[in-house]
Amino acid sequence: MFITARFFAGMGSWGFLACTPTYSAELAPPKLRGFFVGMNGVNIALGYALASYMGMAFFYAKDPVAQWRGPLGIALVWPFMMLAILPFIPESPRFLLMQGKVDQAHDVVLKLHSIPNDPDQEFARGEFYQMQKQAELDRTLHVSWWGMFSKAAYRKRTILAMGFAFIGQSTAVLVINNYGPTLYKTLGYGTEDQLRFQCGWITVGVIFNAVGASLMDRFGRRPLMLIGVSGCCLWLIIEAAMVASFAAQGTNKAGLSMGVAAFYLFLAVYSVGIDVAGVVFYSELFPNNIRAKGICLSIATIALTDLVYLQATATAFANIGWKFYLIFIIISGLGALLMYFVLPETKGIPLEEMAKLFGDTDNIMVYASDIHLDHNTHELVVDRKDGLTHTATEADRPVPVTVSDKGHEASHVEQV
């Protein structure tokens, strides 16, 4: 029964992990998308932290049953909280547009992205226009799972996302998280110290996920991701050296303390450059028509990679000890080198324009830089490569757009 319950809990949590970055990315404005999607990483780390804190708290419970039932019971609070707020949160406007629900999508964008003291709401109107025109094309594109790998532009996105997901988990982060107390025991610490170190370690994750989310829209995704992977490799090297040199004797306090510090510093760079940056990166790469499939493949890669490593960890540590770290050092080191040459920068790019990073510009319907407001007429004007301009006259909802050629009469009408 316990295993069955764990199966459904895992299914729900991993499914939720796939949905929330997508939802956040589709709601966030481009210049703040890193922060808003990055907050998913902050809250994931906070969830791990609460689990560690409760594990520490119930360690002191005298009833053995309460020691495991207490944390599981507290875990029930959060799903009920989520169910309670679901009726009050808006649907993604991009999802609504893909379903043909234009009016609802328009209302969501104007409500969430309106700017105080701007009666024309230039940003929200222009953003919605771009979303709608892109969705009109994306609704006509039907891509199979095989299509994610057969079309060059989709294949590049998919391999990048799955590749970074694999490299990120090949830093040994969940090995350290799930086997943290065992690893601290290897360094010579008792049960109570092991739990304290684990609580401190995961608290570092909460703090530095927040740091990463705050920095991402300023410095970009690529620098943080490269720092994250290479930094994890560096601290794993130091950790392996400390364990190899001092764990067996257990007498060099400075070396053992450095082993603990290496775990903490490892998580700091992981949180900034992999944990928080990863959820942002996966949610940005894919267009509307394949975003769900792309996120699914990315999160599935994370889950499968973790599954393999965690199943092998106990046996590996028992048989080869600290040398198990060498697997993660080699993969993360080579991964950092590879990512230096292939990672694109996605900072500030509207989701509708991400295709330009992959040579798929024919599928971009309109660029945000071509949309501006005529402050004399208070109408949206969309510049086109052929010299024509779209002049949009809007009221409470999208209205037809007149297309004119530099002051001449309208040549045709398009629906915004």
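Residue positions begin at 1 at the first shown residue.
A Cβ is built for glycine as well, from the same backbone N, Cα and C atoms used for every other residue.
Worth saying up front: this structure is predicted, and the values here are computed from it rather than measured.
Across the residues of the domain 'Major facilitator superfamily (MFS) profile' (1-347), the predicted structure has a mean pLDDT of 91. Taken from TrEMBL, the feature domain 'Major facilitator superfamily (MFS) profile' covers 1-347.
Annotated transmembrane segment per TrEMBL: 34-60 (among others), in sequence order. Remote same-chain partners of the transmembrane segment (34-60), defined as residues 6 or more beyond its termini with a Cβ less than 8 Å from a stretch Cβ, comprise 17, 20-21, 24-25, 27-28, 66-68, 70-71, 74-75, 78, 177, 191-192, 195-196, 198-199, 201-203, 205-206, 209-210, 212-214, 216-217, 221, 271, 275-280, 283-284, 347.
The transmembrane segment annotation in TrEMBL covers 72-89 (among others).
The feature transmembrane segment is assigned by TrEMBL to 158-176 (among others).
When Cβ-Cβ distances below 8 Å are used as the criterion, the transmembrane segment (224-248) is approached by residues 164, 167-168, 171-173, 186-188, 212, 215-216, 255-256, 258-259, 262-263, 265-266, 268-270, 272-278, 281, 321-323, 325-326, 328-329, 332-333, 335-336, 339-340, 343 of the same chain, each at least six residues removed from its ends. Taken from TrEMBL, the feature transmembrane segment applies to 224-248 (among others).
What TrEMBL records for 260-282 (among others) is transmembrane segment.
Marked as transmembrane segment by TrEMBL: 294-312 (among others).
Outside the transmembrane segment (324-343), and at least 6 residues removed from its termini, the chain residues within Cβ reach (under 8 Å) are 160, 163-164, 166-167, 170-172, 175, 221-222, 225-226, 229-230, 232-233, 236-237, 239-240, 243, 313, 316-317. For 324-343 (among others), the entry in TrEMBL reads transmembrane segment.
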